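Residues or ranges marked as transmembrane segment in TrEMBL: 6-25, 37-56, 68-91, 103-124, 136-156, 168-198, 218-241, 262-284, 290-316, 328-347, 359-382. Residues or ranges marked as domain 'Cation/H+ exchanger transmembrane' in TrEMBL: 8-382. TrEMBL lists 479-566 with the feature domain 'Sodium/hydrogen exchanger regulatory region'. According to TrEMBL, the feature coiled coil maps to 504-531. TrEMBL lists 585-689 with the feature region 'Disordered'. Per TrEMBL, compositional bias 'Polar residues' is recorded for 654-664.
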Amino acid sequence: IPSVSSIVPESCLLIVVGLLVGGLIKGVGEKPPILKSDIFFLFLLPPIILDAGYFLPLRPFTENLGTILIFAVVGTLWNAFFLGGLMYAVCQLGGPGLNHIGLLANLLFGSIISAVDPVAVLAVFEEIHINELLHILVFGESLLNDAVTVVLYHLFEEFASFEQVTILDIILGFLSFFVVSLGGVLVGVIYGVIAAFTSRFTSHIRVIEPLFVFLYSYMAYLSAELFHLSGIMALIAAGVVMRPYVEANISHKSHTTIKYFLKMWSSVSETLIFIFLGVSTVAGHHYWNWTFVISTLFFCLIARVLGVLVLTWFINKFRIVKLTPKDQFIIAYGGLRGAIAFSLGYLLDYQHFGMRDMFLTAIITVIFFTVFVQGMTIRPLVDLLAVKKKQETKRSINEEIHTQFLDHLLTGIEDICGHYGHHHWKDKLNRFNKKYVKKCLIAGERSKEPQLIAFYHKMEMKQAIELVESGGIGKIPSAVSTVSIQNINPQTLPLERVLPALSKDKEEEIRKILRTNLQKTRQRLRSYNRHTLVADPYEEAWNQMLLRRQKARQLEQKMNNYLTVPAHKVDSPTMSRARIGSDPLAYEPKEDSENLPIITIDPASPQSPESVDLMSEEPKGCSGLPPSPEEDEEGLVMRVKEPSSPGTDDVFTPGNSDSPSNQRMLRCLSDPGPRPEPEEGEPFIPKGQ
């Protein structure tokens, strides 16, 4: 009935079916079965978590890992303690029926009811097709908060049996969180690597390849649960680690088997869980207390909303893509509770917790409210708020290549800036994976790239075999050229080129090969660090010499630009006399004009002193010697600049113009004023120097 399924989520319908079945069994006079915790945790939960972990969208998950961890750890702790503390206050004020419930029992109840349930989130969020970011935030939180729930549950359960809880017990309980979470991840990684290594050697027995994936994943879950570690985190870690290597080793048929068997297995488990929830509601013992149940429901919603608002305000300070108020509403509204809370409540011991039935009644009420009310209203709210939906179409090869291109670009930018962000570490991990891990865990040529060429050879070989089998080449003699073949067997070309139809699996395989091979990781050169360079003893002196030489050339260039007019070629004595008459100081004698007379200039000439070329003329009194009477009468005398000998350095060899007064005058006259700032693209050392 499409009209019903578009309004009511599948999980709600399954709970209703369970309620009807339980009522029918009870009406007949039989005792309905109850969802026992062992059956739930050992047989029904692992397939759902493995399906989620094996097909986890790794890129959005890793990019938002910090946000997910804050919501999963800090958010769950906040919910548990906030709810437990307020419920303890309600019990103290609630009358004789609630006075006997202590603080530890309320904190235990808060830790059970505070965790978001992955089964309920998957059931609802996959139907409304919410965008990838919100889906991975809520679903990732529901997966990773398992470690917090397990730690708090076992902690408060142990504390309830203690006569007195010391500070040491609290510190050990805090440390146990790291042991449970990291221990679960470590167990999952170990089994994932073993599964990948085993799949190297299954090329001759393709039938049992899928079995290893299920076997090692389940062993990871059981091993983690055996030591009270987080089984859910072990399953996720195992699925994420083994998938890339296993899929490179196994056949395409085995890959299809794993994919559809996991989907079918998780769907069956999900269906059974929700039906059993309905049946257990009818069959279980209930103790209804209005104050306790309504307070639990109200404080659950308040704690969730406050936690999301405060944590998002903090997270948005560090996120580039901020979480909008719409996103915050969906995250808060999507905090659904489910069968994990029910099973943990069912595990409570009557001896230490005499109020177990009341706890279970409150838990079932919260589950039904979140699944029915929030689950049914979240779809119209998403449409009303115009929240971005998930793209149904797959990304094109063009988008995939540009995504990888941007990854490499950002890695390079981080390298240049010296800021080691997640792109840098991802690149390091990829290089380590490619260099060492793939060679150990992937068999044969498949560990070496490019796969693209291997796939092309495979297709060519297949076409050649098909051509031979069809008899297209067998009758043709080997010596006949292609031209004569066309003359012997003229073929009528089809009017339209018929493209071979590719199956979806084949297209996905080609897409995957193109995606992994069309963009190569750049080869990292040896990194430059100025602190590790070996000091050269001659380098400083050489730099000083270069700088002085450069300054001298710049000075000469300035004087040529500002103090002199370029000399013209002497064509004839008439032209020379004309030039001398117009501007005597600008005239520079050439080698072939030694026979020309020395020009004397009157000091009262209107020529400005800035036009005097100091490289070839000297004013009176600037040579460090007292002026002679002849020079006093003659005024300024032009002299030809003597060429320097070939072996001397014009920078370091002191000349007759190196006296302090001469240098002062030279600096005074040659300074043209403030120089414009060099442009951005201008080289430090000008060309040609």
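Glycine is no exception: its Cβ is also placed from the backbone N, Cα and C atoms.
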Intrachain neighbours beyond the transmembrane segment (68-91), with Cβ under 8 angstroms and 6 or more residues off its ends: 61, 98-99, 101-103, 106-111, 113-116, 136-137, 140-141, 143-145, 147-149, 152, 291-292, 295-296, 299-300, 303-304, 306-308, 311, 314-315, 331
In contact by Cβ distance (the transmembrane segment (262-284), the transmembrane segment (218-241); 3 or more pairs under 8 Å): no
Recorded stretch that, among 103-124, 136-156, 262-284, 290-316, has the most CB pairs under 8 Å to the transmembrane segment (328-347): 103-124
Region pair the transmembrane segment (6-25) / the transmembrane segment (262-284), three or more CB pairs under 8 Å: yes
Folded-back contacts onto the transmembrane segment (37-56), same chain, C-beta under 8 angstroms, at least six residues removed: 118-119, 122, 139, 143, 213-214, 217-218, 221-222, 225, 231-232, 235-240, 242-243, 258-259, 262-263, 265-266, 268-270, 272-273, 276, 339-340, 343-344, 346-347
Spatial neighbours of the transmembrane segment (262-284) far in sequence, C-beta under 8 Å, 6+ residues away: 11, 14-23, 25-26, 31-35, 40, 43-45, 47-48, 50-52, 54-55, 119, 122-123, 338-339, 342, 346, 357, 360, 364, 367-368
